[in-house]
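Q: Pulled these from TrEMBL:
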- 10, 11, 12, 13, 14, 15, 127, 137, 138, 200: ATP binding site (BINDING)
- 30-59: region 'NMP' (REGION)
- 31, 36, 57, 58, 59, 85, 86, 87, 88, 92, 161, 172: AMP binding site (BINDING)
- 127-163: domain 'Adenylate kinase active site lid' (DOMAIN)
Ligand SMILES: [Zn+2]
């Protein structure tokens, strides 16, 4: 199967991408991994991407698309792949469409992980981390410390990371709404979107996704 995974920050996209790729025996292609692999192997595209990143700029779409093309042409991707983090806007989606067309292949589904906005804010903004050890993680609602503001493990002070502040989370959601959400409409017009709820235990969400993808596949 050839799948694109989309969903807002806090939807557990990375976790589900890894699990689904394994269950479906297809490679998980994430833009983060593509950048890291090309930069560490010092490919031409990697050097180009690094020059933008070092200058504090976004890597242009053409570079991302060329890396994705390379990766999708590897033998392990012959029978399918799961794209994560790409495409992230409509122009990338259009470029991906042209690319697949030249290879005479088609996407099977766009899996949309849905989680209510207030739940995303609650999940991320409720996190509290220990100043002594960042692996001591608590959540004000889901796993509160016994004594407010104090780590159960070592007695250290608990704090909220800047990245986890409600303001930052809302900004990231805003970027998602304006840039990435339009690709859902773009793919809806092609009848490819499968939406599932991303609430509940990790294992249940994976099962829900696999069943939804199976229905989609069987309906063709
Ligand atoms: Zn601690």
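Glycine residues also receive a Cβ, built from the backbone N, Cα and C atoms like all the rest.
Nobody curates TrEMBL annotations by hand; they come from automatic prediction.
Predicted, not measured: the structure shown is a model, and the values here were computed from it.
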Q: Cα of residue 14 (ATP binding site) to Cα of residue 31 (AMP binding site): how many Å, rounded?
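A: Counting only the Cα atoms, the answer is 11 Å.
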Q: Sort the binding-site residues 10, 12, 127, 138 by C-alpha distance from residue 161 (AMP binding site) and give me just the closest.
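A: Sorting the binding-site residues by distance from residue 161 (AMP binding site), the top entry is 127.
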Q: If you measure every Cα to Cα distance among 10, 11, 12, 13, 14, 15, 127, 137, 138, 200, the residues said to bind ATP, what is the biggest one in Å?
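A: Overall maximum Cα spacing for these binding residues reaches 21 Å.
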Q: Using other CB atoms within 10 angstroms as the count, which residue among the binding-site residues 31, 57 scores least?
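A: Per-residue Cβ counts within 10 Å for the binding-site residues 31, 57 bottom out at 57.
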Q: So which binding-site residues out of 31, 57, 59, 86, 88 end up within 10 angstroms of residue 12 (ATP binding site), measuring C-alpha to C-alpha?
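A: Those close enough: none at all.
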Q: When neighbour density is defined as the number of other C-beta atoms within 10 angstroms of a residue's C-beta, which of the binding-site residues 10, 12, 14 has the lowest density?
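A: Output over binding-site residues 10, 12, 14: least Cβ neighbours within 10 Å is 14.
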Q: So how many other Cβ atoms are close to residue 59 (AMP binding site), meaning within 10 Å of its Cβ?
A: 18
Q: If you measure every Cα to Cα distance among 31, 36, 57, 58, 59, 85, 86, 87, 88, 92, 161, 172, the residues said to bind AMP, what is the biggest one in Å?
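A: Of all Cα pairs among the recorded AMP binders, the widest measures 32 Å.
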Q: In the structure shown, which of the binding-site residues 88, 127, 161 has the fewest Cβ neighbours within 10 Å?
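A: So among 88, 127, 161, the binding-site residues given, the one with the fewest Cβ atoms within 10 Å is 161.
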Q: Validating a neighbour-count step here. Other CB atoms within 10 A of the CB of residue 86 (AMP binding site): how many?
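A: By my count, 23.
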Q: Hey, what's the Cβ neighbour count for residue 138 (ATP binding site) at 10 Å?
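A: Looking across every protein chain shown, the total is 21.
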